[in-house]
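Below: the structure, in structure tokens.
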Amino acid sequence: MKEKLYKILALLLVTLSTGCGGGNEGEVVVYTSVDQVFAEPILHDFERETGIKVKAVFDTEETKSTGVLNRLIAEANNPQCDLFWSGDPVRANVLKQKGISQPFSPEAAQTIPGHFIDEEKHWTGFSSRARVLIYNKDLLPANQVPTSIFDLTKEEYRGKVTVANPLFGTTSFHMAAIFAALGDEQAKKWLDDLKANNVVIATSNGDVKKRVANGEVWLGLTDTDDANEAMKEGAPIGVVFLGQQDIGTLIIPNTLSLIKGSPNPEEAQRLANYLMSEETQLKLAHSSAQMPLSKGVEVPEGVFSLDKVKPMRVDYDKSSKKLEEIQPYLKEWVETNM
Amino acid sequence: MSRIYLWALSFLFVAIALLPILYLVSHSLGIGSEIELGAYTALLRGRTVRLLLHTVGIGAAVAISATFLGLVLGFIISKNNLRHGQLLTILLLVPLFLPPYIFAVAWVDFFVVLGMSPSVIYSPAGAIFVLTIIYTPIAMLLLSNSLQNINASLEEAAMIMVPYREAFFRIILPLVKPALLSSGLLIFILAISEFSVPAFLSVQVMTTEIFTQFSAFYDFDSAIILSGSLIFLCTIGLLAESSYLTDKPFLTIGSRNGRSGYTASDKDKKKWLAVAGGYLFCSTLVPIALLAVQALSPGLQHLAQAFDYLKAEMWQTFLYACWGALLLVLFGFGFSYLKGRKTARAVDFMLILSFALPSVVTGIALIRYYNTPALNFIYTSPLIIIIAYLMRYLFVAEKILHNRLMQIPASLEQAALVSGATKWGALWQITVPLVADALFGAFVISFIFCMGELGTAIMVYPPGTSLLPIKIFTIMANAPQSLTSAMCLVALLFTGSVTGGLFALWYIKRRVTARYGRS
Amino acid sequence: MAEVELRNVSKSYGKKQVLQDITVEVKKGDLACLLGSSGSGKTTILKLLAGFEAPDSGEISIGGEVVSGNGKVTVAPHKRGIGYIFQDLALWPHMTAFENIAFGLKARKEPDYRIKVQETAEWLGVKDSLDKYPSQLSGGQQQLVAIGRSLVLQPRVLLMDEPLANLDVKLKKVVREKIIELKEALGITIIYVSHDHREAFSLASQLIILNGASVEAIGTPEEIRQSDSAFIKYFIEL
């Protein structure tokens with residue numbers, strides 16, 4: 001009995017020690033808030049093509065665990081991570097402001113329009129999503145679908161519109177951009193009208209998608225990848241790029257940040273170049289309908305294209321600062337229906 | 001003599017699990033830097049007080065309803081000598097095998113499928129409902145154990161005089177009061193520390209507020225100070241419980257008696273079976289059937305895909321969970337065995353401190369403490385995950401074992417000592433075999449908890465490793481509903497079959513050694 | 001007529017046959033002693049009489065009424081008019097001695113239960129210990145409280161499971177006298193389990209000797225003494 005116990009213990013010990021790898025030769029550590037389903041295959045391809053081992057920490061903005069970012073902040077004194085691959089520039093800017101990232105210029109960034117690169121080179125954007133309105137085609141005829149965010153406050157959509165909690169993820173960024181575009185007063189009025197129109201606050205963009213798809217509400221603000229996913233699932237969902245007549249559609253690029261004190265900066269550069277390559281952007285376009293930012297990348301059929309969309313004029317740096325400023329207001333806005 | 005061991009064990013636990021917290025707290029309280037007064041005022045705001053009351057209200061409602069249901073179910077499985085009682089018990093435990101979040105999702109989907117407005121469930125009542133279902137199995141385990149251990153003749157002595165119903169309320173219920181209290185307290189603490197369910201159902205409680213401070217404002221200090229209020233609540237509950245227990249000297253007596261006094265008539269058995277079956281159907285089968293329907297609606301491909309996604313994680317998670325459960329049982333037994341009446345409160349406080357801390361805060365504390373060049377060998381290895389498990393669940397493991405140990409009269413070990421056994425010999429040959437069932441139970445519960453731990457592990461898991469709940473969580477974000485459901489189903493089947501296997505082994509082993517059990 | 005009767009009663013737990021085709025009668029006012037080696041099913045007979053368990057086959061009647069039969073308990077324990085002194089006494093630890101004794105009376109909603117408890121306690125000599133919890137009582141006091149708890153309800157049949165087993169010599173004498181007094185004063189039928197033949201012979205008006213799962217002999221102490229059975233001879237000489 002005792003002998004058996006010791007044997008089991010020994011076996012367990014062996015299994016536990018296999019996870020401990022001290023050396024970091026030919027490896028790169030990447031933290032990402034991009035959905036694992038889409039990020040992991042690309043990281044695997046990189047491993048296969050370069051022989052560099054990728055150690056990844058996955059997280060997701062969707063379900064609101066911002067573990068990765070909090071982890072980066074907590075690890076600042078003894079960084080473990082080389083490269084942070086974010087699904088949006090907001091987080092990259094948080095890292096920048098907290099002094100956790102460092103400037104870097106991967107060669108591949110040359111193909112990216114300057115507008116999508118941080119002025120101080122703390123982050124570089126690539127494949128991007130857009131903020132869209134989705135609607136349930138079974139419940140709402142196409143000719144009654146709003147075309148501007150201002151339509152959402154109309155009486156006819158009372159209680160039929162959903163947005164994700166604006167304190168988090170891309171929704172928070174969207175709000176910051178709206179505040180920057182409209183000015184505080186008008187933006188607040190719009191939000192208050194929305195609230196007065198019984199807007200449903202969902203937990204996440206994925207939750208928005210789900211609630212529209214199953215008919216709980218008619219309309220929801222979400223990202224193109226969620227919209228794409230819903231359509232792939234066969235949900236009766238239509239997509240509208242809002243604001244083509246007014247403020248335009250918000251474009252949300254993926255971003256890469258190099259962590260200050262990165263243990264493997266060279267490998268991080270190589271991975272950054274790989275991720276920004278046209279090849280990867282094309283892969284992301286296929287897998288999650290992300291729109292390539294590099295000019296000249298052929299957009300696959302069925303994927304939204306930046307060429308046909310009027311983008312919102314956004315200063316990503318300023319918007320991030322704006323977000324910090326309006327957060328207390330947004331928190332109050334969310335909580336008033338407590 | 002045993003005091004030295006208690007000190008050694010406490011020292012070890014403090015060094016690996018409590019220092020990270022103290023280190024974090026001392027930093028946030030500004031020790032060694034200027035004090036952030038602003039953060040403290042967060043505690044005094046009207047909104048915080050309201051949130052606190054809201055949290056307590058939900059926690060109390062969940063504690064009461066889950067303990068009540070646990071009592072009914074515990075009575076059914078322990079007092080009715082049902083033919084397939086073991087199977088029923090395992091089925092009733094199923095809600096423990098699923099991440100709480102999944103239950104919330106399944107219930108919302110259920111309302112939608114029925115064509116009803118899910119707004120009913122997006123409410124405090126909905127959160128109470130879902131959390132009650134999730135935590136009822138814990139109450140059931142604690143209470144069935146306690147009911148089984150009541151001396152049968154105490155029950156029979158009352159049955160001679162009054163109908164069983166009255167005997168139950170006047171005699172049995174007062175005798176299981178400590179277990180009712182423990183169960184209520186444990187569930188209260190679990191419920192007020194739970195984040196994912198209220199977050200998903202848009203119910204504002206302390207954990208969601210802490211999360212917002214962390215993840216929207218990156219305001220660690222406020223978050224930590226708010227966490228302090230949760231720890232405060234838990235501590236109050238614990239103190240109330242322990243002072244109640246120490247006031248009642250009779251509660252520690254009671255020798256175990258193999259059979260239960262009351263056996264239900266066949267008619268009653270059927271009635272109770274129907275109650276348990278009805279509960280099982282509503283609480284567990286409905287959401288799981290829904291998951292199954294969603295998972296299988298596009299055919300088997302998503303199930304295969306889910307399995308493919310998760311197969312690498314299963315083995316790894318299994319091993320870590322085994323390690324975690326093993327250490328939890330060892331530490332739990334150590335503390336419950338060594339803590340004396342006087343030191344009990346200090347030990348309890350120590351364990352509750354790490355247990356009641358929201359998982360994100362635990363994660364941050366672990367990072368701040370272990371992520372240094374000197375301790376890198378722990379931080380970058382799976383040891384950090386095991387430590388996280390230890391911090392999160394030692395309180396639970398210790399509590400299960402302590403409840404059981406209290407029922408073993410000290411005379412049994414003393415008898416061994418006077419017969420010439422060493423202290424260790426007496427422990428190993430007398431006490432350990434007598435509490436083997438509780439050791440096993442604590443292992444299984446710990447194992448299940450470790451298998452599902454997400455909140456802390458996601459903060460600290462070493463790059464390159466992967467764990468089952470984290471993989472599901474990160475994949476489900478954008479995966480089709482059917483794939484998400486399929487993954488949950490795979491995880492459920494895996495945890496369920498491992499647990500079932502453990503129970504089967506235990507059952508076989510016990511049958512072999514059961515001959516001395518019955519007189 | 002027999003006050004207590006077991007007819008062709010059998011009982012087994014799993015594969016273990018504990019009672020096999022037992023037939024026993026006890027007359028009203030008798031003190032019948034069940035005597036046998038340990039494991040011979042003595043306590044099982046008490047459990048069957050109390051109605052905690054049902055016999056697998058056979059019939060049990062108390063006061064002429066069938067209380068168990070066809071493998072079922074037909075009259076619930078609390079309706080049988082019995083008292084039961086358990087081997088481990090089974091005093092409820094969360095109630096004082098007073099509350100223990102008063103429990104059954106209160107359940108019957110007897111208005112003068114206080115007086116009855118006081119009287120019983122006085123007769124048993126435990127009046128001063130009424131507000132103590134069982135854990136605060138001595139072994140003998142616990143024994144007397146347990147007896148009081150059953151007697152106060154004036155049962156027609158009293159079942160006693162080795163009530164003297166855990167007492168010292170002096171207390172044994174006290175309790176034994178109380179039992180005899182009880183039988184003679186109240187005319188209660190007592191069924192008394194023992195494994196001590198001296199105790200049994202000195203108390204009982206009827207002896208029922210169990211050997212394994214069946215009855216070896218039934219009779220007055222005198223009759224049993226004259227038995228030729230090798231088992232009884234061996235058992236008595238022990």
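Cβ atoms are placed via backbone N, Cα and C, with glycine included.
The domain 'ABC transmembrane type-1' annotation in TrEMBL covers B:52-243, B:314-504. Residues or ranges marked as transmembrane segment in TrEMBL: B:52-75, B:87-108, B:120-143, B:179-203, B:223-240, B:272-297, B:317-338, B:350-370, B:376-396, B:438-462, B:482-508.
Between the transmembrane segment (B:272-297) and the stretches B:120-143, B:179-203, B:223-240, B:350-370, the greatest number of Cβ pairs separated by less than 8 Å involves B:120-143. Panel annotation: around the transmembrane segment (B:317-338), residues 2, 5-6, 9-10, 13, 347, 351, 382, 385-386, 389-390, 393-394, 396-402, 405, 427, 431, 435, 439, 442-444, 446-447, 450-451, 467-469, 494, 498 of the same chain, lying at least six beyond its termini, place a Cβ under 8 Å from a Cβ of the stretch. Proximity of distant same-chain residues to the transmembrane segment (B:350-370), defined by a Cβ-Cβ separation under 8 Å and at least 6 residues beyond the stretch ends, is recorded for 10, 13-14, 17-21, 23-24, 27, 189, 192-193, 195, 207, 210-211, 214, 220, 223-224, 227, 230-231, 233-235, 238, 335, 376, 378-379, 384, 387-388, 391-396, 398, 453-456, 458-460. Beyond its flanks by at least six residues, the transmembrane segment (B:376-396) meets 13, 16-17, 20, 186, 189, 320-321, 323-324, 327-328, 331-332, 335, 348, 351-352, 354-355, 357, 359, 362-363, 366-367, 370, 442, 445-446, 449-450, 453, 456-457, 460-462, 465, 467 of its own chain at Cβ-Cβ distances under 8 Å. Listed as Cβ neighbours of the transmembrane segment (B:482-508) (distance under 8 Å, sequence separation of 6 or more from its ends, same chain) are residues 86, 90, 93-94, 97-99, 102, 288, 290-292, 294-298, 302-303, 305-307, 309-310, 314, 318, 440, 443-444, 447-448, 451-452, 468-469, 471-472, 475-476.
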